[in-house]
There are 2 protein chains.
Amino acid sequence: MEQKNLHVAVVGATGAVGQQMIQTLEKRNFPIGTLTLLSSERSAGKKVMFKGQEIEVQAAKPESFETVDIALFSAGGAVSKALAPEAVKRGAIVVDNTSAFRMDENVPLVVPEVNEEDLKWHNGIIANPNCSTIQMVVALEPIRQAFGLKKVIVSTYQAVSGAGAQAITELKSQAKAILEGASFTPEILPVKSDRKHYQMAFNVIPQIDKFQDNGFTFEEIKMINETKKIMHMPELEVAATCVRIPVITGHSESVYIEVEKDAVSAEEIKHVLKEAPGIVLQDDPSEQLYPMPADCEGKSEVFVGRIRKDLDRDHGFHLWIVSDNLLKGAAWNSVQIAESLLKLGLVK
Amino acid sequence: MEQKNLHVAVVGATGAVGQQMIQTLEKRNFPIGTLTLLSSERSAGKKVMFKGQEIEVQAAKPESFETVDIALFSAGGAVSKALAPEAVKRGAIVVDNTSAFRMDENVPLVVPEVNEEDLKWHNGIIANPNCSTIQMVVALEPIRQAFGLKKVIVSTYQAVSGAGAQAITELKSQAKAILEGASFTPEILPVKSDRKHYQMAFNVIPQIDKFQDNGFTFEEIKMINETKKIMHMPELEVAATCVRIPVITGHSESVYIEVEKDAVSAEEIKHVLKEAPGIVLQDDPSEQLYPMPADCEGKSEVFVGRIRKDLDRDHGFHLWIVSDNLLKGAAWNSVQIAESLLKLGLVK
């Protein structure tokens, strides 16, 4: 990687993902000369540690992006829509972790293990996919390359940290109340801005994001559309059911796929995944070895296991995919995109 | 229902399911003259309330079943294998909630809403299916009747009470320890008799029951084989991924199905399920209405929602199915079988 002293900005620096972005930039020793931390007016003034120094968070405004080389956005779609074009206008490359630009045909949607090449046609903004999509395509792409891919059906088991820091607090305080027999009032989950809120501790909520008119949630449609875009497969059949469960960090996915090639074995799938970038194969039933969110928290890889051939269809396989939704699902994928931009010489 | 003063025995009377069986017999005002409560030597001597009277639990032995008309077994497969034939020898009809006889071709496997008629060819033992199977077939059977059924792919979200009372205690104490920052040692889940045990609180374990050599767990194979047997559809394609989550009671299932008939709409599926026995339709995205385990605990019905047509396949549909695994999944289905036996005049 070319060493530069870049000016990097993190927008949403006090949020659950923003905090992970800052820690990941530090851990990766990303070549930063200046780090600007931005947030809403409400969080401005807070102090955040980076490489042993305190940095004061400032309220984000168009002028904040003067001299910025790379801006990592994770402060909600409205902030990205308003400020990402302002950052680009001032010469920054934006890596946006919201859904604001993901399906914009002028914006590449990138998971470096899958479609790093798409960075080459960026127009200032690069979109970071939805957390549940990222971990799935990392596992699907090597299978597609080796055996082709026709169909995907996924049911998710998603952690509350995907709904932000307030959702983590709500899950913990609810669990405590239930264990103590105390009362509580749900206020955040499943969707803070939706009308009804439900118990999350010791419960399952089959709603992530709001509903579309067709009965699917936006989260489900994101998984469907983003998977097709990232993998360059508009014809791929993808179906998703997205479900929130009482886990703090780490999304799990039960995935059924159908490959193109005949007579593929589960062992061949395992072999391909074992050699693939960004994946840790954890698949040994005789040792009760399979991925679980409690083991994946804080790790940057995608963990895959429970790989088995369908008992009815020669082309069918089942997989179990787990990853830290705040890292590979968000902060790490964003920083990884920034590293790819440097590697490809795309940062002027 | 013919009124009789029956002699009923409950084997496993002190367990999680046994307790629910006794409460269900009382709630349904089942025509009991004598109630005999049986258990292992270890639990013998405990007292259990039934209709305001204390009944002492006795150690189960072959002679315990003299004069018993109906014996409800839920004390593990080994107890059923040893004692169910002894009960039948003494004239009792056995309703067995373990997996001991489920796939025996001389034993009907019954969910009354689906195949009550199979009770007519019983040979003394009637098997109660696995909890996760029961709630699924209750929802699938009316769809099969109306539109035919070709394929089922299910991913489960199963509560710990399916692993017994000790698993409930373990989940609660682990959750408390994690919230307080204390240490803990997993000892029960995922499978008490398996070698390794894992954190369940705020985690997901993709293993229920032990593994077979083909990479599927016994729980998954049970769902596959039992569904085909109950629905009389050996040719039905069924695939299952069974997953334990940190919920105390109430199994949830994300189910993809393909029907035979062309051009069926989601509205037609909803209409059929709304009219079907034992089902409560909870499906209104505009009101954020869908089934959740916290709402289904203590209720005997199967709750179905999130019904939507697949975006790629005309014959494909997605469903979300929730039920109390201790009631419809176990105790209530067993008592319901006993009620059907009376209704059909099969208790001499």
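For all residues, glycine too, the Cβ spot is worked out from N, Cα and C.
Automated prediction, rather than curation, is the source of TrEMBL annotations.
What TrEMBL records for this protein:
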type	residues	note
ACT_SITE	A:C131	active site, acyl-thioester intermediate
ACT_SITE	A:H251	active site, proton acceptor
BINDING	A:T14, A:G15, A:A16, A:V17, A:R42, A:S43, A:S161, A:G162, A:N325	NADP(+) binding site
BINDING	A:R102	phosphate binding site
BINDING	A:Q158, A:R244	substrate binding site
DOMAIN	A:7-122	domain 'Semialdehyde dehydrogenase NAD-binding'
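When the binding-site residues A:T14, A:R102, A:S161, A:N325 are compared by Cα distance to A:R244 (substrate binding site), the shortest distance belongs to A:S161. Across the domain 'Semialdehyde dehydrogenase NAD-binding' (A:7-122), the prediction's mean pLDDT works out to 97.
Fewest other C-beta atoms within 10 Å: among the recorded positions A:R42, A:R102, A:H251, that description fits A:R42. In three-state terms derived from DSSP, A:R102 (phosphate binding site) belongs to neither a helical nor a strand segment and is classed as coil. When DSSP labels each residue, the domain 'Semialdehyde dehydrogenase NAD-binding' (A:7-122) comes out as 39 helix, 32 strand, 45 coil, counted as helix, strand and coil in that order. Farthest C-alpha pair in the NADP(+)-binding residues A:T14, A:G15, A:A16, A:V17, A:R42, A:S43, A:S161, A:G162, A:N325: 26 Å apart. On the backbone, the CA of A:R102 (phosphate binding site) and the CA of A:N325 (NADP(+) binding site) stand 18 Å apart.
Other Cβ atoms within 10 Å of the Cβ of A:N325 (NADP(+) binding site), summed over all protein chains shown, number 30. Between the C-alpha atoms of the residue listed as 'active site, acyl-thioester intermediate' and A:N325 (NADP(+) binding site), the distance comes to 6 Å.
In the structure shown, across all protein chains, A:C131 is the one of the recorded positions A:A16, A:C131 with the greatest number of other Cβ atoms within 10 Å. Packing around A:R244 (substrate binding site) is summarised by its Cβ count: 27 other Cβ atoms lie within 10 angstroms of its Cβ, all protein chains included.
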